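Written out below as structure tokens is the structure these notes cover.
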């Protein structure tokens, strides 16, 4: 968990997107009239051609971001940082414009916390690297072996990679690519990232003033809410954590998940209350960023939705130059990205996103009707997005559902800079 300069050339102009969406809608209306005449038939999937895959994923297992204030501390041995040989894959990190890698304030912050045993906080471990390699192998099976969509060797003409500028995410991406392409490449691997103050691959409470203001009260009072407050007191009392210590369900879950992933001995009470801790962490997150607060959700993930939407529309536009589109788009994000993203798509399962989880968006075109479809998978399981009749969703219906939360860079900056903001649900 974590609490571009927008390169305008990387964003499709709003007017173009609107025109493309309108044309797509008109084409679907005409097709619907034909289908209505003879009765709508199920889509023949054998006539669907893969056009694009977009994957938003969480990094692999890591050390906790902040240790619990317990007398007996879990030991985080630096041997856990050993790099599995099969995950070795050279890469370069640039900013969005192709310039030098930006400074990472988060990594600097993590290096200020040394855990018992010698590891720094928030570091990707060997376990996490193996998880990401396994995710890459699953993607290889899906898009190289089962369906020959991607080349078996990495090619920068086929793959675009974007990550937050945090080392565990960059390294997770390396391991995923190693699994996906078995360490074979034709051309350099470039991972694009952004400055922390303009990053949109997580809800940016630091730079989006309105988002920070709208949620500030809820963040301060979340642990005081009925049910959450009583359960937090119970867990802290049983674990011997003083009531004055600033430990919430996020910190408890963070340590619990990290210890479980590495099979490390932990406080028995942490194991006993594992289910409650996860559920209350989810409840806390939904209190801070509720589904009823549309504008906050827009500011949290609206720009990322816009990026995903832009890629879809560029792919179906015959006027798009071949060098402006990729077959695969990879986005290395975080749990705090995935929760609101899944909420906006109507597929959040009220479970905390685990390490190395992925949200995969596939784009298809029907070979005969030329109609476009989107298919979503979360954690490898087919999903039915909000506003869609089933898993295989007509693209215009999917875009219409996304439009409720999608924000162009201009609208994002306008919303974030609002000077008067009314907090929603503060303490209620």
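Glycine residues also receive a Cβ, built from the backbone N, Cα and C atoms like all the rest.
In Swiss-Prot this protein carries:
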type	residues	note
ACT_SITE	59	active site, nucleophile
ACT_SITE	335	active site, proton donor
REGION	58-168	region 'Substrate binding'
TRANSIT	1-32	transit peptide
> If you run the three-state DSSP split on residue 335 (active site, proton donor), which class comes out?
Replying inline: helix
> Cα distance, the residue listed as 'active site, proton donor' to the residue listed as 'active site, nucleophile', nearest Å?
Replying inline: 9
> Which three-state DSSP class does residue 59 (active site, nucleophile) fall into?
Replying inline: coil
>> Averaged over the region 'Substrate binding' (58-168), what pLDDT does the predicted model reach?
In response: 98
